[in-house]
Ligand code: KIV
Ligand code: ZN
């Protein structure tokens, strides 16, 4: 990864490049449930550099020895992005921050102090004059260590405008290159924040030589909209986090902001350095590290972001994907869109999926498979490829053996399985058998009921999906007369999935035997 282009602050202030300042490892990591170990922070910082963010806020070095260590290692190891550390306007914080960033190729010290009347009175117990004095002291001290100093006026949005101008002018005169305007409590609306940025850019002395930055929280769900409005008002840095994690309802989501700027480039007229096909992997890495998944319908990186289930949408997508998609899934890291077969899917989607699986069905057979698939959606939400193939085979060759009910009884050292099956003619067959575990007992009962037996070559079970949609998928294969036959089954219950997979193989064996008998008598 090449180093970011080094422009002067005034180049950046007037350019169309929006600096992406990622604070996943600071504002994100400090929120409940998202704490990371030093090793995890370092791994994630590498991923952020690879993604192409301009500034990585690696932590708050004076907040704990662990944070100091993580920022120091990131500063030493990670190249391709500026590395920032956060510091209050206290000499101790700033010195610690500068020390932690010592080995960085492009260090940034980010100092902040609250400016709103509420914070001045109840949090700091400081007058306006004291706040300005402290801001000047902090920026000057930070500039003795590094060239790149950012000053943030915490709770800027709720600060008196004339005081905000005064503080920013003082910070700029003291040497700040970026001035950050946080909506710390997520109170702003897009119109107001656009207007505030226009006002500040037009009023603050020295505004042309610095970058104005937006830092929006999501308490009203407006963080991304507010950051975009700030860009319209003249902001050329946005502070954001992967998956929108951060204090309370979070910060502006990086992936959403970046894709809004890209997809609506004609409107915003700005660009970023983000390598957008890496967005999904970066989001998933964060979920793996923190153990917290994004919601299914999350823009860009949620499981449903490029999935279509309703028949009308699927039909449109098959004709022209622009009907229901405004960006290519590949542009953010998905392999492709997904036409999910479920209760709302239509004929075109089922036919398309079957074609992709190698089955071109005539209209009558397709109608029957669709009817079977709709019936199946009464008991399972999503129809997978294995389900579809089984339905086609069932319609072509008859349903074969099917599971009607099953139960397992733990009998000390052994397990007893009772199965009730429906045979190929629809008659009920009951059987029970014993085994030294639930799977062995179940397969023994199935073998005795069907009269088919085989040695398993492989047997795997894994779970798909989470929560109410979670299902078990069983895959097994058996070597029979020199051929490998495999079977699959899915169900909410992994043992039932295993029984369906076992019967899938048994039905293939029976069909192969029937075909051989017909051939022999012909
Ligand atoms: O939300 C906020 O105001 C902050 C500052 C420290 C930038 O996170
Ligand atoms: Zn914040």
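Every residue gets a Cβ built from N, Cα and C, even glycine.
TrEMBL annotations: computationally assigned, not manually curated.
Quick look at what TrEMBL annotates:
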type	residues	note
DOMAIN	18-280	domain 'Pyruvate carboxyltransferase'
BINDING	27, 215, 217, 251	Mn(2+) binding site
REGION	402-522	region 'Regulatory domain'
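What TrEMBL annotates, mapped onto the structure for a quick look.
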| residue | record | Cβ contacts under 8 Å, 6 or more apart |
| --- | --- | --- |
| 27 | Mn(2+) binding site | 57, 239, 241, 246, 247, 251 |
| 215 | Mn(2+) binding site | 23, 152, 180, 181, 182, 183, 184, 238, 239, 251 |
| 217 | Mn(2+) binding site | 182, 183, 184, 185, 186, 223, 246, 247, 248, 249, 250, 251 |
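Residues 27, 215, taken from the binding-site residues 27, 215, 251, are distinguished by a CB atom under 6 angstroms from ligand 1. Residue environment of residue 251 (Mn(2+) binding site) contains 33 other Cβ atoms, counted within 10 Å of its Cβ in all protein chains.
The residues of the region 'Regulatory domain' (402-522), classed with DSSP into helix (H, G, I), strand (E, B) and coil, number 44 helix, 55 strand, 22 coil.
Look at residue 27 (Mn(2+) binding site): DSSP puts it in a helix. The record gives 27, 215, 217, 251 for Mn(2+). Within 8 Å of the mean position of their Cβ atoms, the other Cβ atoms in that chain belong to 23, 182, 184, 216, 218, 223, 239, 240, 241, 246, 247, 250, 252.
DSSP classifies residue 215 (Mn(2+) binding site) as strand under the three-state reduction.
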